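The feature active site, S-methylcysteine intermediate is assigned by Swiss-Prot to CYS360. Per Swiss-Prot, the feature [4Fe-4S] cluster binding site maps to CYS130, CYS134, CYS137; the stated evidence is sequence analysis. What Swiss-Prot records for GLY184, GLU185, SER216, SER238, LEU239, HIS240, ASN317 is S-adenosyl-L-methionine binding site. If you look up Swiss-Prot, you'll see CYS123-CYS360 marked as disulfide bond. Marked as domain 'Radical SAM core' by Swiss-Prot on the basis of sequence analysis: 116-355.
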Amino acid sequence: MSELNVTPSSVSPEIVIPKKEKINLLDLNRQQMREFFAGLGEKPFRADQVMKWIYHYCCDDFDEMTDINKVFRNRLKELAEIRAPEVAEEQRSSDGTIKWAIQVGGQQVETVYIPEKDRATLCVSSQVGCALECKFCSTAQQGFNRNLRVSEIIGQVWRAAKIIGATKVIGQRPITNVVMMGMGEPLLNLTNVVPAMEIMLDDFGFGLSKRRVTLSTSGVVPALDKLGDMIDVALAISLHAPNDTIRDEIVPINKKYNIETFLASVSRYIGKSNANQGRVTIEYVMLDHINDSTDNAHELAALLKETPCKINLIPWNPFPGAPYGRSSNSRIDRFSKVLMEYGFTTIVRKTRGDDIDAACGQLAGDVIDRTKRTLKKKMAGEAISVKAL
């Protein structure tokens, strides 16, 4: 906490008076914003006005909020702030993809903007690092430090929109889709991820359709069950294997919550969700001679026969020191054809931003690893918390 130092003219000891920290309005969803404004004696519509300025205009200066009287603007400046994390570095790919290294404290997470003809997708991080230790993912090699705050999650969207152009400034949405597929496991940070997604969906926030906000998870089953009671967004599951033997090796959380348990939880979520239109997205990274044989494809089809889904096959994106290779195009093609013969909608994801290490599985950031224990001790008997770590 910052401090105000008051020193009398005499030689008496310095008196330290704590200075109250300002509320960062990016940490508040609409209900919380209204409660904060009610505490200031203001009606709910005033909170809605401020939210529109923040998210529709990407405004972080109270003086620019011209439909709010000056007296109240000055009061807000004393008590609150609008502070999104800053961009430490920007890289632009030859295919138009942009990667931002976002400063969060003394560390960095990465956010990726992927423009296409009919959409613009933002890939957002939820944690500084990741504790799940998936073997094919660069983020996992960085270790884990902490969860991101609401303001650091929604702040990535705000910062990207500010750079690309706010809705009310350019006349169209700068971001049409958000995917929680950046650094970290979103379900291990529900406390902050859910309010951030609420702001993404809110008409006074970014106003995205619930079908255009996607959360990806590796399978934290208790948290997935909890998610379905908290919010309705599209779901993608990081499966990556047709059986427990392979998944235990490349996605270690499978030793805690195996595929059968994971898919049962997915089914429960689908039953609660409208955003998924009755099906989920299966993410399957293609690792050469690890999980990409035609036998693996037949096994995957049998595994998913009771799970309404579409399947995204993801050519693996290399990073230094990784023990894997990317499946050849011919192996991916054969794998895809087997799945389509079973009637599955199957898409081979186009790699974007790999020349700037912005493709799926390549995000790394700058992480001070706080926990060497991570999943190893958890597998020895500790429960994986569904609360903020």
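Any Cβ shown, glycine's included, is placed from N, Cα and C.
When the C-alpha distances from LEU239 (S-adenosyl-L-methionine binding site) to the recorded positions CYS123, CYS130, CYS134, CYS137 are tabulated, the minimum falls on CYS134. Packing around LEU239 (S-adenosyl-L-methionine binding site) is summarised by its Cβ count: 29 other Cβ atoms lie within 10 angstroms of its Cβ, all protein chains included. Annotation: ASN317 are the recorded positions among CYS123, GLU185, SER216, SER238, HIS240, ASN317 whose CA atoms are within 10 angstroms of the CA of CYS137 ([4Fe-4S] cluster binding site). Looking only at the recorded positions CYS123, CYS130, CYS134, the one with its C-alpha closest to GLU185 (S-adenosyl-L-methionine binding site) is CYS130.
Rounded to a whole number, the C-alpha distance linking CYS130 ([4Fe-4S] cluster binding site) with SER238 (S-adenosyl-L-methionine binding site) is 14 angstrom. All protein chains considered, the CB of GLU185 (S-adenosyl-L-methionine binding site) has 28 other CB atoms within 10 Å.
Remark: SER216 (S-adenosyl-L-methionine binding site) has VAL179, MET180, MET181, PRO186, LEU235, ALA236, ILE237, SER238, GLU283 as non-local neighbours, by Cβ distance under 8 Å and separation of at least 6 in sequence. Non-local contacts of GLY184 (S-adenosyl-L-methionine binding site) by the CB criterion (under 8 A, 6+ apart in sequence, same chain) comprise VAL109, SER125, SER126, GLN127, VAL128, GLY129, CYS130, THR139, ASN147, LEU148.
A 10 Å cutoff on Cβ-Cβ distances gives CYS134 ([4Fe-4S] cluster binding site) a total of 23 other Cβ atoms nearby, all chains included.
With CYS123 (disulfide bond) as the anchor, the candidate binding-site residues are CYS134, HIS240, ASN317, and the one with the nearest CA is ASN317. Cα-Cα distance from CYS134 ([4Fe-4S] cluster binding site) to ASN317 (S-adenosyl-L-methionine binding site): 14 Å (rounded to the nearest whole number).
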